[in-house]
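S.K.: Pasting the relevant annotations from Swiss-Prot:
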SIGNAL    1-20  signal peptide
DISULFID  Cys50-Cys93  disulfide bond
DISULFID  Cys184-Cys193  disulfide bond
CARBOHYD  Asn351  N-linked glycosylation site
Amino acid sequence: MLSKALFFSSLPLWAKVASAAFGITTTDSSYTIDAGSPNPLKFTVSRSSCDITSINYYGSELQYQSKGSHIGSGLGSASVSAVQNGDYIKVTCDTDTLTHYFVVHSGDPIIHMATYITAEPSIGELRFIARLNSNLLPNEEPFGDVSTTAGGSAIEGSDVFLVNGQTRSKFYSSQRFIDDQRHCISGSAHRVCMILNQYESSSGGPFHRDINSNNGGDYNSLYWYMNSGHVQTESYRMGLHGPYSMYFSRSGTPGTNIDTSFFANLDIKGYVPASGRGTVTGKASGADSNFKWVVHWYNDAAQYWTYTASDGSFTSPAMKPGTYTMAYYQGEYRVAETSVTVSAGSSTTKNISGSVKTGTTIFKIGDWDGQPTGFLNADKQLRMHPSDSRMSSWGPVTYTVGSSSVGSFPMALFKSVNSPVTIKFTATSAQTGAATLRIGTTLSFAGGRPQATINSYTGPTPSAPTNLNSRGVTRGAYRGLGEVYDVSIPAGTIVAGTNTITINVISGSSGDDFLSPNFVSAYPFLTLMRC
């Protein structure tokens, strides 16, 4: 009985493998693509809308049946065609301002994609969303259920929820672009991963982050956000976005090094092959070696980045020709920039050097890394709402230099929650001359910015920062334009002995609780320097 049971249970698997046949099946309404892969993958694309309406992998239907997978919220209508050329199938979806491609290589359980645009979509963001069966694919990777909102009650807008006493949001699935080469959703028998080979036409730079996944109950969403208005810090880029790849597997997590160079032979709009690109090599120096160093290249058409080696040496990704701003970061804090010109088929050598420049420091809170790392609740803010019961109390806080820990200083100040923050420090008689209080921030909301009072002296009201028109801290963001505020302190203001600084959030706007005007602390938040 055992051997008979084993034989019959293996027969469907054998049949599935044997039936895999690479090709296109065409009907009046759709194209069905068979990848010809050992673990069979078939998917169906609507000929009228470009929606994926079915994804059958290893005998299971993974596509959510009530709504398709698509660009944006769906193209609505498009001119859709499909061609097979040897070992490759290409589906092309055309609108007036957008062309989307699905590409399959014979034998691979992968849907490769690329999206070419000449204008930003009317919804104000460019994304691909795969709406997949949440019963078969309930899990989100790598951050788990922080973005599983199924069964929750909305507590902020329509995108932050309370689920079993924990705050959750699709925004809490985000990862910095420089670290996000793969994100996945999975179940006991299937895994689907988005593999990101190319961010060159996206926006925001290496430290930008956006939504990656969201199990909302009816379906589990796997995204690639190419651009959006979510803490948007630079203009959108046109041209070809991608290639990017949706990889299907049974249990293993695929690697991120996927060769898509075959796109060069498939007549893909805007695709620049390796032969049409160049690189930049060099050495970075001068920044604090306690932090990772990043080199970043950007212009209106493209962006690239890389971590340096431990000795500062670097080689850029293959870049499109052009002249680029070249920036150098200590952590996420920019310490230098220059320009460099890249030519096709050649490597350009360009070194870069820079460091944090300060005067004689009386005290500082935190490190010059462009992040709120180490401050109160910074270890939780990426993955939960500030109101979450797992957060430590936001204060108001009194911080005493020399005895308080950096971890007791709030990573963000909210006008209606924990403003002001009070700092006490002791000065010697030699430190009572003119000084500068430098307050570094990474992100502002609703015009929130710091105004400082040192003993009886109140510094000037700073101008309002650029309005990014996007919720930040409550949706797991901390990086915006990075305003730094210097407050000149007249001689005699600081006294020998105990001194008190209070920093208030000021703004012409108002709001409740964590949606009141606020800013994120970093750089460090505060350095007191002798002039």
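Note that the numbers count up from 1, one per residue, in the order the chain is shown.
Every residue gets a Cβ built from N, Cα and C, even glycine.
Walk me through the surroundings of each of these features.
M.R.: Residues within less than 8 Å, Cβ to Cβ, of Cys93 (disulfide bond) and separated from it by at least 6 positions along the same chain comprise Val45, Cys50, Ile71, Leu75, Ala78, Ser79, Val80, Thr99, His100, Tyr101, Phe102. Secondary structure at Cys93 (disulfide bond), as computed by DSSP, is strand.
In this structure, Cys184 (disulfide bond) is part of a beta strand by DSSP.
Its Cβ taken as reference, Asn351 (N-linked glycosylation site) is surrounded by 14 other Cβ atoms within 10 Å in the chains shown. For the recorded site, Asn351 (N-linked glycosylation site), the DSSP three-state label reads coil.
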S.K.: Reported as an integer number of Å, what is the Cα distance between Asn351 (N-linked glycosylation site) and Cys193 (disulfide bond)?
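M.R.: The separation of the Cα atoms works out to 36 Å.
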S.K.: Which of the listed disulfide-bonded residues (Cys50, Cys184) has the least company, meaning the fewest other Cβ atoms within 10 Å of its Cβ?
M.R.: Cys184
S.K.: Using Cβ-Cβ distances, find the residues under 8 Å from Cys193 (disulfide bond) that belong to the same chain and are at least 6 apart in sequence, listing them in sequence order.
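M.R.: Non-local contacts for Cys193 (disulfide bond): Arg182, His183, Cys184, Met246, Tyr247, Ser249, Thr253, Pro254.
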